[in-house]
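Engineer: Dumping what Swiss-Prot says about this protein:
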ACT_SITE  402  active site, nucleophile
BINDING   118, 152, 277, 278, 293, 368  substrate binding site
DISULFID  92-417  disulfide bond
DISULFID  124-129  disulfide bond
DISULFID  184-231  disulfide bond
DISULFID  233-238  disulfide bond
DISULFID  279-292  disulfide bond
DISULFID  281-290  disulfide bond
DISULFID  318-335  disulfide bond
DISULFID  421-446  disulfide bond
CARBOHYD  44  N-linked glycosylation site
CARBOHYD  50  N-linked glycosylation site
CARBOHYD  58  N-linked glycosylation site
CARBOHYD  63  N-linked glycosylation site
CARBOHYD  68  N-linked glycosylation site
CARBOHYD  88  N-linked glycosylation site
CARBOHYD  146  N-linked glycosylation site
CARBOHYD  235  N-linked glycosylation site
REGION    11-33  region 'Involved in apical transport and lipid raft association'
REGION    36-90  region 'Hypervariable stalk region'
REGION    91-469  region 'Head of neuraminidase'
TOPO_DOM  1-6  topological domain 'Intravirion'
TOPO_DOM  28-469  topological domain 'Virion surface'
């Protein structure tokens, strides 16, 4: 092959390669255009899964629901249809209590970023249940956890996270600056109540769907405080009880009716021989029942029941199965205060079923240890101490603490009745243990009309932590 032929051959090969490359590029452009057209067209149709995957460095909220997997948030499509939670259903018939959640916050917090908290409670909308809690503006096993045994400080805040999850900066939503709080959902939005400020000038800030709607200032200038559990909603109105005045004597107690975050009515209870603090409230057949803490002089629990016009009745649980702590041994009850060991107390709850009552209480009569549920078939109206069911949920040797009620509406469960549930705070740290901090985890149970079991679901953390040594 002479030099001219070589040049012609090489040139021909280069030309063929160039043409092939051009064809491939044109094909690539056509492929990209077709793919883009398909994606653009699909945006006008609802997919079967209707799921978005959004990847960011930080957690991103879409419809306030996410699952954090590394740095990828898989965001499920969620029905955000609003309904009105009527609260007109009666409580579901139950035979016992099934474990619903356990967050193990203290155990996880020995190595993970978990908030120092107290006063956790649960509340449910028609779509989800959330754990609310009062942080101390600090993490477990960190220097700022020092001294968090204190109840009221400017660093405390009401936050919430999905039920059953340990409360951390990565899954929690800020709700309100508060050292006393309540929250509930009316079917259309979240109402939060956060109390903060100095003891003699505290102010309750009401928010509806995160927007401030009203404030309530301390009217007795003696530590305004509220439920530390969920408020109760009936037919679009939500109801809460606040206390202002001495913790060891007669105080002032008010019921507030709230619609979309605005107070529409309030009354002060006429209860000269009663003491109402930290009430646990629930709706039942269109009315609201609250079972509270008597920190003044009762070892049984006071109650107040009211309708949507705030017409109310008051009393004490009559049963000789006493529900507070400290308390005497079970014996003869009273439909007024039982004065034996009546001073001090702990937040708690009960559920009324006609003349009967489910009583939640610590197993210990003198300390916050253990927890049990007692069914007294005549305990709402009779003073004997005979009961027919006892279910253990925390052993006598394990720490407990506050407890409170919450309900799951038919709009959430699909049942034709209101499901009763409760949570138990498992307090760890100061003042009973050798740590620099005080915090808690929580467990919760819901009533079922089927088989249940006795067991102990304790906090389980091994103390002290590194920061305590």
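Note that Cβ sites are derived from N, Cα and C of the backbone, with glycine treated the same way.
Note that the structure is predicted; figures quoted are calculated from it, not measured.
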Engineer: According to DSSP, collapsed to three classes, what secondary structure does residue 233 (disulfide bond) have?
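Structural biologist: The residue in question, residue 233 (disulfide bond), is strand (DSSP, three-state).
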Engineer: Identify, in sequence order, the residues in the chain of residue 446 (disulfide bond) that are 6 or more apart from it along the sequence and have a CB within less than 8 Å of its CB; answer 'none' if there are none.
Structural biologist: 97, 98, 100, 408, 419, 420, 421
Engineer: Out of these disulfide-bonded residues, 92, 292, 318, 335, 421, which one has the fewest other C-beta atoms within 10 Å of its own C-beta?
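Structural biologist: Each of the disulfide-bonded residues 92, 292, 318, 335, 421 was scored; lowest Cβ tally within 10 Å is 335.
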Engineer: So how many other Cβ atoms are close to residue 231 (disulfide bond), meaning within 10 Å of its Cβ?
Structural biologist: 26
Engineer: For the residue listed as 'active site, nucleophile', which of the listed recorded positions (118, 146, 152, 184, 368, 417) have their CA atom within 10 A of its CA?
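Structural biologist: Cα within 10 Å of the residue listed as 'active site, nucleophile': 118, 368.
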Engineer: How many other Cβ atoms are found within 10 Å of the Cβ atom of residue 281 (disulfide bond), counting all protein chains shown?
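Structural biologist: Taking all protein chains shown, residue 281 (disulfide bond) has 32 Cβ neighbours within 10 Å.
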Engineer: Using all protein chains in view, find how many other C-beta atoms are within 10 Å of the C-beta of residue 146 (N-linked glycosylation site).
Structural biologist: 15
Engineer: Could you say which of the binding-site residues 152, 293 has its Cβ with the most other Cβ atoms inside 10 Å?
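Structural biologist: Going through 152, 293 one by one, the largest Cβ count within 10 Å is at 293.
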Engineer: The record names 118, 152, 277, 278, 293, 368 as the residues that bind substrate; what is their largest Cα to Cα distance in Å?
Structural biologist: 21
Engineer: Counting across all protein chains present, how many other Cβ atoms fall within 10 Å of the Cβ of residue 235 (N-linked glycosylation site)?
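Structural biologist: Its Cβ shell of radius 10 Å holds 15 other Cβ atoms.
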Engineer: Out of 118, 238, 277, 278, 290, give those recorded positions positioned within 10 angstroms of residue 184 (disulfide bond), comparing C-alpha atoms, in sequence order.
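Structural biologist: For residue 184 (disulfide bond), the recorded positions whose Cα atoms are within 10 Å come to 238.
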Engineer: Sorted by position, what residues of the same chain at least six away from residue 278 (substrate binding site) have a C-beta under 8 A from it?
Structural biologist: 225, 227, 228, 229, 292, 293, 347, 402, 404
